[in-house]
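Taken from TrEMBL as is:
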type	residues	note
SIGNAL	1-17	signal peptide
BINDING	Glu77, Asp120, Leu122, Asp123, Asp250	Mg(2+) binding site
Amino acid sequence: MLIMASSPAVLIRLVASAYSIAQKAGMIVRSVMAGGDLGIVEKTSSVDLQTKADRLVQMSICSSLAQKFPKLTIIGEEDLPVQEVDQELIEDGQWEEILKKPCPIQYSAIKEEDLVVWVDPLDGTKEYTEGLLDNVTVLIGIAYEGKAIAGVINQPYYNYQAGADAVLGRTIWGVLGLGAFGFQLNEVPDGKHIITTTRSHSNKLVNDCISAMNPDNVLRVGGAGNKIIQLIEGKASAYVFASPGCKKWDTCAPEVILCAVGDLVQVLLVLYHFGHSSKLLYRIFESVHNSTNSTLMPHFPHITSTICHFAFCSIRRSNTYEVVPQNCFNLHFSNHWQTD
């Protein structure tokens, strides 16, 4: 049930702010790239990078949200020193179209201090440094009582290959129980089983898992947000990443968009549970090798040819993609957004 109050609920106001803040973040991402000095720093490896855009965007998002919603818990990917933030980075606006939306009744009484915001200032940083700009997204996810309930995704370079006169960037947003907006929902062509997976963090386990699913095509691209967008726009039917690595700031906002479209998404396995420090505490679940009790996906008939460890796998349900029954895979979905 949806309710329209005389003044917008806290959640709606927060999403409206996050939308405007994400748009500003997209402008910062483009500005840093145009300036030519990316300020690249290696964090843990050559594929784990941080740029000037990561730093400026996180400061912009976290400071803008904190000024408007001082009781929020805000967790960003980058470990940045406490410092004064330039007022030019602050966005105080709220997207009017969102403020006009009714709030799902189950969230209408939420208090500001009950919400946790997960921020990935630049999802697909490595691709950003390599000029693969359509892989890049800005992610702002909102969680309540351990569950992702609202999210905003900005694509700074959406349309960047459409010519000099194209308008760059778009912002996708969603709230569970309300819907997802800012994109055109499409289906994968009938009969096609297409997997999207990691471009820069692959390994033998990832590749073996994908091979076991016998897809028609595999898209290797950067950014968790980008891969989720491929699902909702019909470019891929499953996102498989059979390895630890995805953090809550990677998946909080995208999970909401997937689930909010109304075309139910089945997350097969979520193998991570992060504490407040976001240290990875993962568990491995295994499909049963050649189990007679498993009802397998008809479109991935070879899934039992190997023991598959799924760290993150989302499949859209359509005429050809059906929800995997629980006796096929251990499902671990709820309460993985806790902050301790």
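Here the Cβ of each residue, glycine as well, is placed from N, Cα and C on the backbone.
Taking the Cβ of Asp123 (Mg(2+) binding site) as reference, residues of its chain lying under 8 Å away and at least six apart in sequence are, in sequence order, Val136, Thr137, Val138, Leu139, Gly223, Ala224, Gly225, Asn226, Asp250.
Sequence-distant contacts of Leu122 (Mg(2+) binding site), defined by Cβ-Cβ distance under 8 angstroms and a gap of at least six in the same chain, are Val29, Thr51, Ala53, Asp54, Val57, Tyr128, Val136, Val138. Cβ neighbour count for Glu77 (Mg(2+) binding site): 22 (other Cβ atoms within 10 Å of its Cβ, all protein chains included). Within 10 Å of the C-beta of Asp120 (Mg(2+) binding site) we count 31 further C-beta atoms, all protein chains included. Listed in chain order, the residues near the Mg(2+) site other than Glu77, Asp120, Leu122, Asp123, Asp250 are Val119, Pro121, Gly124, Thr125, Thr137, Val138, Leu139, Gly223, Ala224, Gly225, Lys247, Trp249, each with its Cβ within 8 Å of the site Cβ centroid. Counting Cβ atoms from all protein chains shown, Asp250 (Mg(2+) binding site) has 26 others lying within 10 Å of its own Cβ.
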